[in-house]
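**Q** If you look up TrEMBL, you'll see 299-481 marked as domain 'TM7S3/TM198-like'. According to TrEMBL, the feature signal peptide maps to 1-18. Annotation comment: TrEMBL describes 291-312, 319-336, 342-363, 370-393, 405-423, 435-454 as transmembrane segment.
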Amino acid sequence: MKWHRALLFLRLLATFAANRLYAHETAPDNAPVTNMPISGSSIVTLNATTVRLRWRAADPLLAGLLVQLHTLAETVTVSTSPTFPPDSSYSGTSAGLWVALSPFDIHVNVYARASGVTNASVSATGYTGEDPVPGACNLEFRMENDPNVHLRFSEFETVMEFAPANVGVARGEDPLSCDAGQGSRSRWQLTYEVYQYFLPEGDLSEGALFDGLKVVDSVEAVRRHGSKMSSLSSSSKTKLFGHAFPGLGVIHVVVVSDPSFNTSSLYVPAVTYSCNFSSVVPPTCHTQGEIFSLVFLTLLGTYGLFVCFTGHRFLEAEYFFFGFLISSFLCILLMGRYSAQSIQLCVLYSAVAGWWGGFLCALCRWRFGIPLLLTSLAGLVLGTLLAAVVMVTPVVNTEPLRNDLLYWVCVATGALVLPVLMLSCTRALNMAASAIVGSYVAVVALGLYLHAALPHVISSALLRRAVSPSYRQALLVLPFQILGESRAPQSIFLHLFVLAPLVL
């Protein structure tokens with residue numbers, strides 16, 4: 001027994017000396033060492049200078065350490081080497097590494113730097129040999145073990161990818177082959193769950209981001225607070241499409257589970273605001289054509305507020321409003337799908353087309369009357385809005401509605417039901433259309449300034465589906481937040497909806 005203790009002591013002493021010698025030879029002279037806690041997160045200020053982050057990992061039950069760093073806008077690079085080789089480094093606003101531990105590792109050193117001066121949320125999670133290893137069966141990305149969730153976004157959708165996981169092994173053991181058969185101890189038994197957690201609407205601060213990351217820092221917390229997007233088996237493609245919410249922070253989290261041991265692990269969460277941050281401090285969020293859209297929808301929302309309360313008393317103004325909506329909607333839909341014009345030009349052309357459409361409807365009302373036809377158009381707009389609301393419920397994520405033909409047949413049927421049923425009550429239909437559509441358009445304009453979810457209802461269900469061919473693959477989860485100040489747009493819509501019929 002004494003010989004075993006002496007041998008173990010000598011091996012630990014040799015490992016400690018080798019680690020100190022390696023750190024002395026490879027670490028840059030100007031790389032300060034920051035000792036980090038193994039639990040919880042810490043805020044560290046990073047810049048272009050390399051910083052060495054160190055965790056104590058002497059617990060023999062730990063098989064590996066998942067290290068992650070998150071920033072708001074600046075790109076951070078993390079690596080296990082001070083030279084940052086491509087095959088062991090990762091860069092992004094959300095970056096992480098899986099560090100496998102040997103039997104004699106006492107400390108784990110990770111090197112980090114940023115593209116500019118920024119605060120970063122730094123944390124590490126220890127996993128045992130029974131926990132699955134996220135990203136250990138990577139075949140697509142540069143690192144051998146890549147536990148990161150890779151995100152990119154366009155105007156309409158976000159695309160999320162991650163590398164498959166592998167089953168865990170004890171500390172110091174060689175990992176199992178990713179090509180092993182479908183036995184009880186292979187990666188093919190693992191399952192995946194994909195979640196989204198929405199940050200407070202309109203809040204682009206670092207504090208909101210860091211607080212949100214603390215909310216989803218464990219598997220239990222993710223399942224309790226996150227909105228589930230999808231469940232995947234080990235044979236499913238690890239690539240998902242989601243809805244882009246410009247200016248709204250969304251944390252994407254992947255949970256991998258091993259049913260043999262009833263254990264789960266987290267991938268490194270990825271955060272996106274679906275926009276490009278400005279270089280000013282504090283950063284602001286910009287999207288293509290934002291100014292044009294704000295001006296267009298502000299004017300339209302002001303007119304919608306007028307129609308909401310007084311539309312039925314000024315029929316020419318009301319029918320100009322509905323004619324404008326139909327013409328501009330069709331114009332921006334067709335131009336977005338079949339032309340390569342910028343968003344600015346699409347908005348400009350849709351405004352011109354909407355003006356002509358509204359003018360013709362108002363002219364028909366003034367010159368010919370035609371109450372039945374014009375009221376049918378108003379009812380059609382109201383029916384389309386209600387159909388769009390139905391198409392952002394979980395039913396849209398079912399497999400049958402990914403077929404474009406079936407999807408548009410359901411939308412058209414829903415849009416026609418209301419005007420057909422209420423055509424005999426033209427006054428009631430007209431008043432309902434004015435109140436509901438007018439109040440909705442007014443709240444859409446307000447929601448753009450508050451980054452609320454409500455404006456995305458009509459654009460998600462119809463515009464994005466019609467303009468982007470790949471959007472039918474997107475899994476739609478709307479961030480309806482009803483707590484605190486973020487409930488303002490929904491509350492305003494309900495008040496307008498209740499008061500408008502009384503005024504009319």
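In case you wondered, yes, glycine gets a Cβ from its N, Cα and C as well.
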**Q** Considering pairs 6 or more residues apart, do the transmembrane segment (435-454) and the transmembrane segment (370-393) have at least three CB pairs under 8 Å?
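**A** Answer yes, regions in contact.
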**Q** For the transmembrane segment (319-336) against the transmembrane segment (405-423), do we get 3 or more Cβ-Cβ pairs below 8 Å once near-sequence pairs (under 6 apart) are dropped?
**A** no
**Q** Need one number: mean pLDDT over the domain 'TM7S3/TM198-like' (299-481).
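**A** The predicted confidence over the domain 'TM7S3/TM198-like' (299-481), as a mean pLDDT, is 83.
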